[in-house]
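As written in TrEMBL, here are the features:
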DOMAIN    B:100-281  domain 'Phosphatase 2A Regulatory Subunit A helical'
REPEAT    B:23-61  repeat 'HEAT'
REPEAT    B:100-138  repeat 'HEAT'
REPEAT    B:177-215  repeat 'HEAT'
REPEAT    B:216-254  repeat 'HEAT'
REPEAT    B:255-293  repeat 'HEAT'
REPEAT    B:294-331  repeat 'HEAT'
REPEAT    B:337-375  repeat 'HEAT'
REPEAT    B:376-414  repeat 'HEAT'
REPEAT    B:415-453  repeat 'HEAT'
REPEAT    B:535-573  repeat 'HEAT'
Amino acid sequence: METTKLPPSSPSSPTTSFSVPSAEKVDGFPRRSMRRARQRRSHSSSQFRYQSSQVELTPLPLLKDAPVAELHDLFCKKLQQCCVLFDFLDCVADLKGKEIKRAALNELVESVATSRGVLIEPLYPEAIKMISVNIFRTLPPSENPEFDPEEDEPTLEASWPHLQLVYEFFLRFLESPDFQPSMAKRYVDQKFVLQLLELFDSEDPREREYLKTILHRVYGKLLGLRAYIRKQINNIFLRFIYETEHFNGVAELLEILGSIINGFALPLKAEHKQFLVRVLIPLHTAKSLSIFHAQLAYCVVQFMEKDATVTEYIIRGLLKYWPKTCTQKEVMFLGEIEEILDVIEPSQFIRVQEPLFKQIAACISSPHFQVAERALYFWNNEYILSLIEENCQVILPLVFATLYRVSKEHWNQTIVSLIYNVLKTFMEMNSKLFDDLTASYKVEKQKLKKKLVADGVQGHLHLSSSVMHIKSKSSQAKVCYNLNDINQKVFCFPSKHKHYSKHF
Amino acid sequence: AAEEGGPCQSKMAGADGDDSLYPIAVLIDELRNEDVQLRLNSIKKLSTIALALGVERTRTELLPFLTDTIYDEDEVLLALAEQLGNFTMLVGGPEYVHCLLPPLESLATVEETVVRDKAVESLRKISQEHSPVDLEVHFEPLVKRLASGDWFTSRTSACGLFSVCYPRVSSTVKAEIRQHFRTLCSDDTPMVRRAAASKLGEFAKVLELDYVKSDIISLFTALASDEQDSVRLLAVEACVSIATLLPQEDLETLVMPTLRQAAEDKSWRVRYMVADKFSELQKAVGPEITKNDLVPAFQNLLKDCEAEVRAAAANKVKEFCENLPEDNREQIIMTHILPCVKELVSDTNQHVKSALASVIMGLSTILGKDNTIEHLLPLFLAQLKDECPEVRLNIISNLDCVNEVIGIRQLSQSLLPAIVELAEDAKWRVRLAIIEYMPLLAGQLGVEFFDEKLNTLCMAWLIDHVYAIREAATCNLMKLVEKFGAEWAQNTIVPKVLGMANDPNYLHRMTTLFCINVIVHCCGYPYREITTKQMLPVVLKMSNDQVANVRFNVAKSLQKIGPVLDSNALQTEVKPVLEKLASDTDMDVKYFAQEAISGECLSSSTIVDKLNT
């Protein structure tokens, strides 16, 4: 989007067109290992920068040894102690302080998890403050500007030894039987949740895993925040789809949504339907779909199971965004369609069968055998087969021509034999219809042949006068083009062609 | 096959039996075709359709029809949005331009960003064609509708339309527009706030100064402290325009607090933006504020903890220094900027170093000879030895700045090893880049230095195993000959090039031919001796090469050499060879031989003949 120019995730020098990463790419041999090694060098942590002067930590008495009267006071002191941040990129800096904080965090985790009556009201603000100070930070720029979540190793958070314990503490805090939502909601507010959601962009999968569980608990316990959380997730997704195409935590957020959708009340609110149509379905257009497709398909199916009337929106939406060039994505779409068909209501099936089976026919004739294969597998699914059988009169005419043609033409033997099975199934389903279609297909083909022959002559005569001037122009252009072609051929790639054919 | 011809089609064309409209009927049919590509083709010919229909029917039939097709594929919609921006004359001129608003309004609410942006662009364009009255009656209500739309897309689009209608409407409407803009700046979706923030500067420019002070500043301050960094960073962009609009005495109170805050924002993205816009900001706030505020801010950015920010700041070092007030520029640079620059030379991040390397040489013109030798030269030398080739290349590519100040000799001792190393780099792109600087280096270092140190390199590139390098090396030869002259070529280049004609590798033999082509080209007629005496015999001899590629390149070379030969040489030497090649067993050799024969040089009298007579 024009209006939101984000700085690139890595600087490139604008004064020369020369840049090393792209060079490596064009070189044909992406030296991944080299690139990694270079990029492993870490930069300083954004988080650490804002601590003006380093405080020296002194160990406090253990919580378990504290007399009951002083327990809360000590707990509070430990929370405050844990607000001190350490530089983890310098792994030998202040080892003593790091150890004291680690021990304190461990104690806090254990105390919240095991002893009752620790969480009293005055501790809430202190606990939330400690959590905020530790986890909320501007995530650093990705070390690898072309980070591919499927191929590359993620950059792990350096301060994880502490961060993990802070997350653990937060989780235990939320799960504690003493936890009082009415007290927490004063501190876990909208601003807090917004910052929590931004952390889902973290490259570190361990962090996202914690965030997922934590956000789920927050959503479950703090009812007042639910609408807000959903709205902000919407915003994150919309930004991901239409603006940046980059957000690391889409899969995790979808996983949470999957269970949220499960809990929607019926009839579905307009807000939820809008979410489905304007956010979930467009998410299918994302380049990185493969990373979160399973979670996305789960959400979509959840919606259908809640309310069958959304089926048509979903299927028509998927057909609208059907991948045009990416076969890997096409296979994913087909997988999702099968999941949908698995739970579709017959009445809904009838509403979408026509456009749907046109698309399926197109997939069957795909030259990419995995696409064709995935589509043909639908006929192995008993429920889908029963739907097809019930609507054989409509579906068979839609796919017949394709099946017949592809069975004669496809290069891949597996596909050909799968198609034979499908044709056989159809024949058994409705042999009368099958025979009629076979006959009319042959007649049509004959007609087409004749027409082509006739057109070849007539069409030429008809066009010749009106397109004369265009033709003469374009033929000139064509000649030039061809010449260029020849020049290029011999100029750039003369060696292999010629040399080898002459001498070997 | 098209779907059934709807009412629209039969009404618009064909039904009245008007044959001239037949092609139009076809186009309109295609607008409804199932195949996206056909619909797209048809949309792209929309102006033809409109022209054929005439303005009346375009308004009453075509536009309503188009407004209905808004549920199409995004590609089609994009084409439609673009077309409609140029439709004013086709609907009957400015008087009727408002007919175009309904379809564009729908397009401005579409989800897909590119479609929406294009629709807004077209709306902005046609807004200029509205009369002031139409602007208030038709255009401004549309903006209001968009601004109060339910879904964020329409509100985002509205942000781009305020500034085009504001200057031309009455003061009551102006007040409304300002109110709408204010509302969108505090919209609850960040997408809309981002759109508003990115248009803030543009909107400020069309506002009266008093409103800039009262309205814009408060919006600017609010957006610059938004909870989302993606909004805050856009406010930095607006800061440039706003600061330009305000009188100097107001800057300190109205803009600087926000700018200072942005320069120290906790998000690196915002700081990056400040660094990236630093020169513009510096110009906008003027010399006094620069001295007091921006110098320390710039120092901080150069020392930022995120490499991204440091690199962006490093890129601005030269411009920043250039724009410092002249009276104490040198002192500021020497005491405040240079120490930071020194640290950046040994930064841990290669992007930072290479950003610096691309501008650091520019400092020498600002600081003058003595400072350059004393303070900058060590930095240049350090960067010339940097482990990262991009850094070294950036230094070499900017040598001209230093050359003007201290002369390149100061550097040549360190330069040479750096060049040699780059010339042999394992990555061909690096080699390619250094070749491209060769002519420049040769010019600055002089012919003697070149012959002694660099010539061998240039020759070695001719037999590189990557074609692109050989090609660039050939081209490099041409530039060198242009620089040093034909005699130099004859003495230093030609013998070596011709020597390669006997190389066992046919690729090298072909390189000989390619080099001959360029040498002939730049020596030309005045030095035809080189061609006729030295090069032609070699080319002719190569026509017997066993590799067909060499043979047809001989044909091509002969065609190039032809113009500088006299007709005698052509007839007695060149023609027989070409004729022999024309009966070669290889198709391509034949083809190029025939090309050369039919080329003008053999059929008509040559330039040489003409000059001789």
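Each Cβ is built from the backbone N, Cα and C atoms, and glycine gets one as well.
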For this session: Please average pLDDT over the repeat 'HEAT' (B:415-453) for the predicted structure.
Result: 82
Problem set entry | Spatial neighbours of the repeat 'HEAT' (B:415-453) far in sequence, C-beta under 8 Å, 6+ residues away | 384-385, 389, 392-393, 395-397, 399-400, 403, 408, 460-461, 464, 466, 468-469, 472-473, 476, 479-480, 482-484, 488, 492
Exercise. When DSSP states are grouped into helix, strand and coil, how many residues of the repeat 'HEAT' (B:294-331) land in each?
Worked result: 30 helix, 0 strand, 8 coil
Exercise. Who are the long-range neighbours of the repeat 'HEAT' (B:337-375) in its own chain, taking Cβ under 8 Å and residues 6 or more past its ends?
Worked result: 295, 298-299, 302-303, 307-308, 310-312, 314-322, 329-330, 382-383, 386, 388, 390-392, 394-395, 397-399, 401-402, 404-406, 410
Problem set entry | the repeat 'HEAT' (B:23-61) - residue tally per DSSP class, helix then strand then coil | 34 helix, 0 strand, 5 coil
Problem set entry | Secondary structure composition of the repeat 'HEAT' (B:216-254) [DSSP: H/G/I, E/B, coil] | 33 helix, 0 strand, 6 coil
